[in-house]
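From Swiss-Prot, here are the annotated features:
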type: BINDING; residues: CYS11, CYS14, CYS17, CYS58; note: [4Fe-4S] cluster 1 binding site
type: BINDING; residues: CYS21, CYS48, CYS51, CYS54; note: [4Fe-4S] cluster 2 binding site
type: DOMAIN; residues: 2-31; note: domain '4Fe-4S ferredoxin-type 1'
type: DOMAIN; residues: 39-68; note: domain '4Fe-4S ferredoxin-type 2'
Amino acid sequence: MSHSVKIYDTCIGCTQCVRACPTDVLEMIPWDGCKAKQIAPAPRTEDCVGCKRCESACPTDFLSVRVYLWHETTRSMGLAY
């Protein structure tokens, strides 16, 4: 099951989420849309196991990284049965 990993503009570029990910889903790339001028995108979300270690590792007050598990994503889109 694929999960959705969202990175928000509160990212400070500390790389804690990248280092916490056991499946190497995240990586830092340059980006002008966040405070740190870099962001951890999720190019391989199919490898995300939904452990949410990236969320736990994030030091910002408003989590900069958020994992939406498959069932959370479908429920929010009104697709759950």
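Glycine residues also receive a Cβ, built from the backbone N, Cα and C atoms like all the rest.
Explain the structural surroundings of these features, please.
A helical conformation is recorded for CYS17 ([4Fe-4S] cluster 1 binding site) in the three-state DSSP classification.
Under a cutoff of 8 A between CB atoms, and with a sequence separation of 6+ in the same chain, the neighbours of CYS21 ([4Fe-4S] cluster 2 binding site) are ARG53, CYS54.
Mean predicted confidence for the domain '4Fe-4S ferredoxin-type 1' (2-31): the pLDDT average there is 79.
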For the binding-site residues CYS14, CYS58, which one has its C-beta crowded by the most other C-beta atoms within 10 angstroms?
CYS58
Just checking, which of CYS11, CYS17, CYS48, CYS51, CYS54 (binding-site residues) has the fewest C-beta atoms within 10 Å of its C-beta?
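Counting other Cβ atoms within 10 Å of each of the binding-site residues CYS11, CYS17, CYS48, CYS51, CYS54, the minimum falls on CYS51.
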